[in-house]
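TrEMBL lists 97-120, 152-175, 187-206 with the feature transmembrane segment. Annotation source TrEMBL lists domain 'ABC3 transporter permease C-terminal' at 102-217.
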Amino acid sequence: MKIGGDAVVFNIQGVLKETVVGSIRKVDWSSMKINFNILFPVGVLENAPTFNVMTTHVPDEESSAALQSDLVQKFPNVTILDLRQVFTIVEDILDKISWIINFMAFFSILTGFIVLIGSVRNSKYQRIKESVLLRTLGAKSKQILQITALEYVYLGVLGSLTGILLAFIGSQLLATFLFKEPFVPSVIPFLVFLPSITFLVVLIGLSNLKSVLKSPPLEVLKKEV
């Protein structure tokens, strides 16, 4: 659609009006003010069928119901839209969407937790071989425990930082290109999620270490021969 050249025909309640695009404007629909997609100059719509729009404010639902009943009785052809009910319905829909998103997030976290436990369990035999090798070289159980804990700390921090940074990038893209709003990052993921996830990774990893340290080196070495 080009300015000053393209023609647009409007069907106004059965009356056809041919117009030419004169300008394009941007409307902030979030302002909740009465506005229209298309504006016509004076002298175009005077003879076309019209209807009027008016807004009013009432303090509570009872007053709103009484006002609507009175208006319908006096003016049967008037259409009334109760924005309070509209907002209630929209809020209910958004709450349901939020619940679904939270459920999916919880399900994803639970799935990741199960995968984490499975990966730690699957690496048990590899840990046993590493432990046997270190003990053969003279390492004590305390040293092996410290090495393993440090390794899981690095894994937890690296995984947490990767997830948080990807979440920030995704939020930045959504806020900038979809919602057209400035993105304000929060420090909560770094203060809460990063240490929590790291602690969880270390806890799961060390819970598997007790049986690893109890494995007799000679028995493990015989299996490798």
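If you go along the chain as it appears here, the first residue is 1 and each next one adds 1.
Keep in mind that glycine also has a Cβ here, set from the backbone N, Cα and C atoms.
DSSP assignment over the domain 'ABC3 transporter permease C-terminal' (102-217) gives 98 helix, 0 strand, 18 coil. Model confidence over the domain 'ABC3 transporter permease C-terminal' (102-217) stands at 82, taken as the mean pLDDT rounded to a whole number.
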